[in-house]
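Asker: Per TrEMBL, the features are:
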REPEAT    3-96  repeat 'Solcar'
REPEAT    100-193  repeat 'Solcar'
REPEAT    203-294  repeat 'Solcar'
TRANSMEM  205-226  transmembrane segment
TRANSMEM  269-288  transmembrane segment
Amino acid sequence: GGVPPAADLVLGATAGCLACFLTNPLEVVKTRLQLQGELQAPGTYPRPYRGVLRAAVAVCRADGLGGLQKGLAAGLLYQGLMNGVRFFCYSLAEDAGWTGYPGGTVAAGAVAGAVGAIVGSPAYLVKTHLQAQTLSTVVVGHQHNHESISGAFKSIYQQHGVVGLWRGVTGAVPRVTVGSAVQLSTFASAKDWVCEHQWFRKGSWAAVLAGGMVSSVAVAVAMTPFDVISTRLYNQPVHADGTGKLYRGFLDCILQISNKEGLLGLYKGIGAVYFRLGPHTVLSLFFWDKLRNM
């Protein structure tokens, strides 16, 4: 407490953006891994991307080193909007005393995350499109062929109006709600647990780091299926009327993936999700913590 919600908005957004620079390459890799073998049985398709490291190398080969920062501007926009709103709402809930109730932190985290996801959804849509774009030799998923971030927003808006910019939001809300709730609830308790066992001094950055690493495992396991669904819904090609060509919506997407790719299809890219979450969670919370204490 002690920090006004408006300041939290700015700090949350700044922390998210600082972390984003460092973790965007993992986002690119994650997007490619999650689109690979879309709606195909395991083992029946070519796999240009195998695991996080080799996928990163494949991206560099095809798109140069800059390929690892594809969609960075859209990512920064998303992080700024999503985290700013998320920390702002969470801070309001704290000030209102809601987080004092049992389960309050989880509920507040979930609601804050959902609102953030809705606000940031168009930026995430464009980010996914841009990160999936690549050379034909290593192509996975539908190619939207945008020229730039502004071109992407413009063409989506011209073809499908305002509604088109929020396409895929049904995948984003559960993704962030689950992620946010699990992250905020396990991070606080993991940090306290580490301090109680006197491994690290309370409030030391090592405790923050350890708490973040522990909580990231829980978040990765809970969130990856929603993350895969999100990526698929955002990236799928659409008919002129705005309906998806591959998936009718959230539930249809889960069913199709489990039927055609097996349950493990829902865990595509979990390595990248964890490696991104670990540092991203820790860096965001670390920057946020430090900025708040200034």
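Backbone N, Cα and C define each Cβ position, glycine as well.
Any TrEMBL annotation is an automated prediction that lacks curation.
I'd like to know what surrounds each of these features in this structure.
Answerer: Helix, strand and coil counts under DSSP for the repeat 'Solcar' (203-294) come to 71 helix, 2 strand, 19 coil.
Listed as Cβ neighbours of the transmembrane segment (269-288) (distance under 8 Å, sequence separation of 6 or more from its ends, same chain) are residues 11-12, 14-16, 18-20, 22-23, 26-27, 29-31, 33-34, 51-52, 55, 83, 87, 183, 187, 205, 208-209, 212-213, 215-217, 219-221, 223-224, 227-228, 231.
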Asker: On the DSSP side of things, how many residues of the repeat 'Solcar' (100-193) fall into helix, strand and coil, could you say?
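Answerer: For that range the per-state counts are 75 helix, 0 strand, 19 coil.
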Asker: Go ahead and report the DSSP secondary structure tallies for the repeat 'Solcar' (3-96): helix first, then strand, then coil.
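Answerer: Across the repeat 'Solcar' (3-96), DSSP assigns the residues as follows: 73 helix, 0 strand, 21 coil.
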